[in-house]
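One structure is given here, and the rest of the page talks about it.
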Amino acid sequence: MSTVAAARYGKDNVRVYKVHKDPKTGVQTVTEMTVCVLLEGEIDTSYTKADNSVIVATDSIKNTIFILAKQNPVTPPELFGSILGTHFINKYKHIHVAHTNIITHRWTRLNIDGKPHSHSFVRDSEETRNVQVDVTEGVGIDIKSSINKLTVLKSTGSQFWGFVRDEYTTLPEVWDRILSTDVEATWAWKRFSGLDEVRGNVPKFDETWEAARNITLKTFAEEESASVQATMYKMGEQILAYQPLLETVEYSLPNKHYFEIDLSWHKGLKNTGKDAEVFVPQTNPNGLIKCTVGRKSKAKL
């Protein structure tokens, strides 16, 4: 006999753009998001009995996202995700969990003649600010915030040596190499009791995102990196130290390789070791290094 082991459904790829117009200054601020909302609850019969009476139409979910975006602030995204999730579990008594994922796309205000423009923006990278908000009836609100697609490179200040060498090893040890990666950093907040507690901590979300981004960039640039592993751990340590409300910080960093080209075949042209200036960026394969940094448990007395 079969049963529904797990089920959720909703609306994905809901694109939302909101503009805030300051009536005093005329300055406009824009936010563009891609939103996904998935619901869980007493919905098994829609799968097992073809009973649509328990289904909140995904089109209605889409409409709700637009309406709540009009009625509420959409920044920080941690707050808007909490507003959305709380709405669904309060509105529909048979819905007990709402999962909201928000991707905020980058629009950076243009500077024209040295001054910030009032209403013009540029997408200067594919970097996004992401949140995952899970609202569970009777439990609370779990939030994960993240930076994604933050592409960085440094042309020196990285090394890799002392690793396992055996019959499978061809990689040479290096004391100076190019280091490049696409940063994916995620920090998990301690559980919030409800929407009011989230509202009470609103300033911390933007502050922590800024701090996490700055820590990531500063450590990447200044660290004489012995390995991606060592560098990402130092980043996570600093973010946890900055924000006491965080439980964990997770990094996922692909190691995007740049290989020297031996050009000695052309008239003895030197382009290896200390003479290397021309490299070939590699698309794949690439290294992939992951780490979750948490807090040490306090020993019980």
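For all residues, glycine too, the Cβ spot is worked out from N, Cα and C.
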Same-site urate binder from Arg177, Arg213, given that Swiss-Prot records Thr58, Asp59, Phe160, Val228, Gln229, Asn255: Arg177
Most crowded position, judged by CB atoms within 10 A, among Thr58, Gln229 as binding-site residues: Thr58
Residues Thr58, Asp59, Phe160, Arg177, Val228, Gln229, Asn255 [recorded urate binders]: greatest CA to CA distance in Å: 52
Nearest of the binding-site residues (Arg177, Gln229, Asn255) to Lys11 (active site, charge relay system), judged by Cα-Cα distance: Asn255
Minimum Cα separation from His257 (active site, charge relay system), reported as the residue among binding-site residues Phe160, Arg177, Val228 that achieves it: Arg177
